[in-house]
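Undergrad: Here it is: the structure, laid out below.
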Amino acid sequence: MKENGVEIKDNGAEDDARNSADIESKLEKAGIIKAPDGGYGWVIVFASFMANVLVDGIIFTVGQSMLGLWEKEFESSKMATSITTSLLSGCYLLAGPLASALANHFGCNVVACAGAVIAAAGFLLSVLVPALPVLYLTFGVIGGIGFGLIFLPAIVIVSQYFDEKRALATGLAVCGSGIGTTLFAWLNPLILHATNNNWRTFLVVMAVITLLCFLCGLVFKSLQPTETQVEEVAKIAADYMEKHGIEQNGLDPHEKLSGAVETTDSPLVAGGVAIERFTPKSRGAQSNIQLNGRPFLSTIELNANRRNKSDLWSHNDLATIVSKESVADLNRPLSRMNIFYPGSTVHLVARTGGSNLFPAETRSRCHSMIDHKSSIYLSTQMLPPAEEMGSSSGGITWSAGISAALRSMLDMSLLKSPSFLILAFSGFLTLSCFFVPFIFLGKQAGLKGVSEDHQSYLLMTLGVINIIARVACGIIADHPSVDPLVVSNAAVIIGGVATICVPFLSEFWMFVAYCVPFAFGVACFAALRSVICVELLGLEKLTNAYGILLLFMGIAALVGPPFAAFLSDVTGNYDLSFYVMGTLMTLSGLISLPLRRINVRETAKRNVNDAVSDVELDHLAV
């Protein structure tokens, strides 16, 4: 109601918020599938492990095996040839957000199987190419996109099946990357020898091996809600709808939404459209609870409103249909805020004390006495705006669902955060160097007199150290007393300095020794990036941050190796390439050293601004 033109909050708003929180808690307890933390989940871990073995094994070793043959075949420069493998690794990362959105709607198994077929088709088409530019498309773009469609579902599906044991499960799955590098570094020369160094036949073999990922994808079955869960949610929802006047009364849908809603600039929106809570117009009460405290209710209300647009339903019928849709929506992978977090959320709370799980602007504007424990896992970010929800006769359309997921993962407003901008640029610099040693270290060693057989051992060493580093990072991710930012920065700086020293290496054992700090550096960078994002930005921003980081890293993977190859073309050796790329990697760690202090200042400034806004709002409410 209004008094002298000023909106007055209903005295029952606090009680309404508490009641909504109680209902939300009941809905989540009834409708959200609990991670089994075992059972069939270990089959999922093995399948994800094998997918990483195959995909990363090919990506990290094919450059050393193929580039020399392609240079001779197409009579091209090192830079022109290296674009092929750079497109493979770059598109593999750039396809990540799309793969996540597709897996969120169609399921991890469907997307991973499609990715296996696409990548294998790209390799087979590469057998027929007459020129290098065509190889860019078939091997680089098509193959890379296919691998990207395998890579992300393999991560997401493990997180669906594990929570408390997620660090162990994820660690085992990603160890496949190191084992794959070691395996294919040994296997590729044998295949080339068996095919008389015929790269076209070699790619046929790689296509067949890639199709094995199809079998992995078949295993990636998403957890499904039971009928009992849906029925229990429907019972709670029916009571809620009846109490709050969500019924078949013929009102215009906008009238249902017009009564006392709280608009918010919470990041829990879909496509910039706030999912507003609607209550009966007659109540005139303004709810103080925000979206990320009530994702289940928000989803039910949106689905109910969509159904009410053209159809008349009884409370029970409407509740049953809406509950089935809502349970399905909120059990999708990307509805979990922590889906890209490699460790247990239980340990995350212990590490941060819960203070960094949600950004200050969300906490400070949540005036009700509702804690955020129930929303650590759930988010309404993946719901499309109401106008895109589809017809009343069906659920969210595939295009609207995918579009909403992509908007959420690629919301560029996050780049306004100085902390994240530094983190993203640091990632760009590291990925510029990431693939260079995998492609050119063997060639550099060859110029120093190391035999071709021993060059393969260098890749195998990188793979073994990667395994050890991944396991160590898994322990770090779950250990509250260890600062992952410090560990990552130190590892990246040491790896960068070691890379600068590569031109001074002259013996095989020296190159083997170099593999240790470099592999530790890139493994720590890859494994701890999500943990650092959560500590700096909050769990609520993780999906968004992960999507944008994939773009930065994908672009870096596209430009890094060709730039290193260009320097080699100009100088006639790889010395300048390692000087420059090592410097970039070192700089990546150095610019991240003050990141924690910058983030503290950024958070403090945001808190002050929020406090001023809250005082102004409270003043208007008096």
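Just so you know, glycine gets a Cβ as well, placed from its N, Cα and C.
Curation does not apply to TrEMBL; its annotations are automatic.
What TrEMBL lists as domain 'Major facilitator superfamily (MFS) profile' is 44-600. Summarising the annotation, TrEMBL assigns region 'Disordered' to 1-20. The transmembrane segment annotation in TrEMBL covers 39-63, 83-103, 110-129, 135-158, 167-187, 199-220, 420-442, 454-473, 485-505, 511-532, 544-564, 576-595.
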Undergrad: Are there residues at least 6 beyond the ends of the transmembrane segment (167-187) whose Cβ is under 8 Å from a Cβ of it, and what are they?
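TA: Here the qualifying positions are 41-42, 45, 48-58, 60-62, 64, 154-155, 158-159, 161, 342-344, 347, 438, 456-460, 462-468, 470-471, 473-475, 477-478, 523, 527.
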Undergrad: Counting only pairs 6 or more apart in sequence, are there at least 3 Cβ pairs under 8 Å between the transmembrane segment (544-564) and the transmembrane segment (420-442)?
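TA: Yes, since the transmembrane segment (544-564) and the transmembrane segment (420-442) share at least 3 Cβ pairs closer than 8 Å, they count as touching.
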Undergrad: Pop the mean pLDDT for the domain 'Major facilitator superfamily (MFS) profile' (44-600) in here, whole number is fine.
TA: 80
Undergrad: Out of 110-129, 454-473, 485-505, 511-532, 576-595, which stretch has the largest tally of CB pairs under 8 angstroms to the transmembrane segment (420-442)?
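TA: Stretch with the highest Cβ contact count: 576-595.
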Undergrad: Which stretch, 110-129, 135-158, 454-473, 576-595, tops the Cβ pairs under 8 Å count with the transmembrane segment (485-505)?
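TA: When the Cβ pairs under 8 Å are tallied, 576-595 comes out ahead.
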Undergrad: Answer yes if the transmembrane segment (110-129) and the transmembrane segment (199-220) have at least three CB pairs under 8 Å among residue pairs 6 or more apart in sequence, and no otherwise.
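TA: Taking Cβ pairs at least 6 residues apart, the transmembrane segment (199-220) and the transmembrane segment (110-129) are in contact, with 3 or more under 8 Å.
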Undergrad: Using Cβ atoms and a strict cutoff of less than 8 Å, what residues sit near the transmembrane segment (576-595) while being 6 or more residues removed from its termini?
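TA: Here the qualifying positions are 419, 422-423, 425-427, 429-430, 432-433, 436, 440, 444, 485, 488-493, 495-503, 521, 536, 560, 563-565, 567-568, 570.
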